[in-house]
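A.B. asks: First, the structure itself, so that you have it in front of you.
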């Protein structure tokens, strides 16, 4: 079972902090991979908040291909961090040419695009690059979005972070999500590594998604080009969140009602019963069956954690105003925020969504039995 | 040697019949119950003559012939009285002296039961005990990475939806605008398929209705039952129990005069309206209630004269195209209940199911599609229709589901599969397999008759005389002497037993797959079969 750690802090922090938290939870993962998502960036990227940042792994040939392609599209580089891993790699970590994090200036004509169109086009560029890379095996692209960096690699999380020298000023961020991978498949495809990203929405999960195939079929048939990939059964959690947020316009509080709707008994005299019943029916194919703990981040930098109905996976949230973390295990929290009031730690159960918004002042617990925002059900 | 009887081309001996009655003289008490209970009047009193040679002691006298006679039963060999193997003789015999035995070779009766040029007609099902559903295994067992669930103690949400489910975008928009959203019922995924009042006896119908009500109101299982084409008893139409009933309208429109007239007096809406366009057991053929069963009560409910056969046309005669047949009829029926009741068609499985499905997918109010495979049952049909017409359900439902997936409407138009579900007794396994192939639920009729009322029929041509109203168990008879054998209370109790057992078995299947929050519709990654071609055809795993 994988281990998850995510933190949101007023003070920018290094990916090494997250890697250390994963390291104390190493009994729960086998060091077969690490995935990092960085947002609310500090350092040089802080001044480039609107510039889309491309994150990926490239061979030298792939890098040239990328440059040609991006220039053809009219993108110009504003800033970049190129990580060339020292040789030799530690055991279990593959040797790559370049880990690239590059912020671009939009092509001129994109400035006239609406936010929606721009989001769509950015996703299309990422998908095109992914396809080009898959064809020749020379590019792996994780994200292309403003104020978002992703790094994924095979190997032990702490080893990889140290080996790649990710503890650097340019990669300090206020929101970091990290997953330590437990390999349940033999060949590791980096596209199967968490976190998963789509248009500013990012999630990571532990556990297996037993309802994967019907959900994948449903999402794939929505006619939205971003709903693809599915190298991992957990990718659907990011896409369901994207679908409920972007396509349906639902708030985060409703996400849990989509993936694990209340039963008739639980609904009882819920103030939004009629709405929830309709939502349960119309989104039936997006119901997950777990066992999964999902940690995610929204474009507004809110972090959240939800569990499936069975609540078989561990998950805890805690911290203090200005700094909160979500972790698979309490020891992960202890390693990073030892000076918190532990009595306020919270382990979300099967009806809860634990949310820490970008002001980082409190953990907001939303139970499914509570009423939803009024505007939603009007 | 000259025969002691006239031999005609159709003269058969006992050996030529499909069933031979084995009778034990030594055990027989000559009570006559077997002959009285035989629905085919296949037994007659017989006086047997027996020669006994009595050799005397010594050499003085020659041996003597003594002729004795004894009484017993004799099996008739004319086609009209051929034993159907129901076994009622065995059931009523106090001494186990009699039992029908299946012939060890293909019978000769089949060449002769077309007297007057009328081919064989019967009730029952296709005479083929095999089927692909029983071969499908559930292979995705959760172990350690995603622990299996406790089928006995975990909380399961196994209901399904019957009705047109709008895509989320549209549904939310209509909720905001307070627009009309098609009615959707949350029901138990095992529906009692259409068996009409007429095909079934009054006691059987009453028992099923009581059982369904008990399941809903006492057990909390939202089980629903289709009426079949024969209308609905007036009191049920005007009762609060109508909500558990799917009213079926078929090409003969039997009973619909009564239903339409009851509309203003209905306390609740029916669960749904099923428009029957076809039946898996006899595709392309309309319903048939033979004259034997059209008594006063049936005639009154159906609005027809007594004692006449009631063959429904093969299709709805007032319609001439798929648009007419489907769209207008769905609209008309929806309108009758103010668009508060889901209306869906039922067709027999066919290689052209996809065309119907595509048409329904474009129809904004079609509430689903029920597809009845070739192994479905019937109260009466021609033997050739039952044995040779139709399409297996597995590939048909799979094709239709994958077609919906392709166009992204897999949650919008629920598919219900029927025809041979549980034909070898594995109801839950067959149902789960169909659900994972893409059905939102299944319909079953024969299994209900067998489990709840003790129907004797089988896929090896046992009994299957539902058509002539002589059902020895009183399930499909309109003769009070027969249907009084069936106690409705006991039928209800057996139905409840059957559903509770099914529910436990279904949980025993889905729990090890790690599923409990929703019915695993289309979870094809859980399925495997040890036949490569079938696996390819159904897009499931080939496992050996």
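Each residue, glycine too, has its Cβ placed from N, Cα and C.
Not my notes, these are from TrEMBL:
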- B:19-48: domain '4Fe-4S ferredoxin-type' (DOMAIN)
- B:73-104: domain '4Fe-4S ferredoxin-type' (DOMAIN)
- B:83, B:86, B:89: [4Fe-4S] cluster 2 binding site (BINDING)
- B:93: [4Fe-4S] cluster 1 binding site (BINDING)
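Please situate the listed features within the shown structure.
C.D. replies: The average pLDDT computed for the domain '4Fe-4S ferredoxin-type' (B:19-48) is 95.
Using a 10 Å radius centred on the Cβ of residue B:83 ([4Fe-4S] cluster 2 binding site) and all shown protein chains, the other Cβ atoms total 24. In the three-state DSSP reading, residue B:83 ([4Fe-4S] cluster 2 binding site) counts as coil.
The DSSP secondary structure for residue B:93 ([4Fe-4S] cluster 1 binding site) is coil.
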A.B. asks: To test your reading of the [4Fe-4S] cluster 2 site: which residues beyond B:83, B:86, B:89, same chain only, put their Cβ within 8 Å of the Cβ centroid of those residues?
C.D. replies: B:19, B:21, B:34, B:38, B:39, B:40, B:42, B:84, B:85, B:87, B:88, B:90, B:100
A.B. asks: Out of B:86, B:89, B:93, give me whichever of these binding-site residues has the highest number of other Cβ atoms within 10 Å.
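C.D. replies: Result for the most crowded candidate: B:86.
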A.B. asks: Quick one: pull the CA-CA distance for residue B:93 ([4Fe-4S] cluster 1 binding site) versus residue B:86 ([4Fe-4S] cluster 2 binding site), whole Å only.
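C.D. replies: Just about 13 Å between their Cα atoms.
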A.B. asks: Sort the residues of the domain '4Fe-4S ferredoxin-type' (B:19-48) into helix, strand and coil with DSSP and give the three counts.
C.D. replies: 5 helix, 11 strand, 14 coil
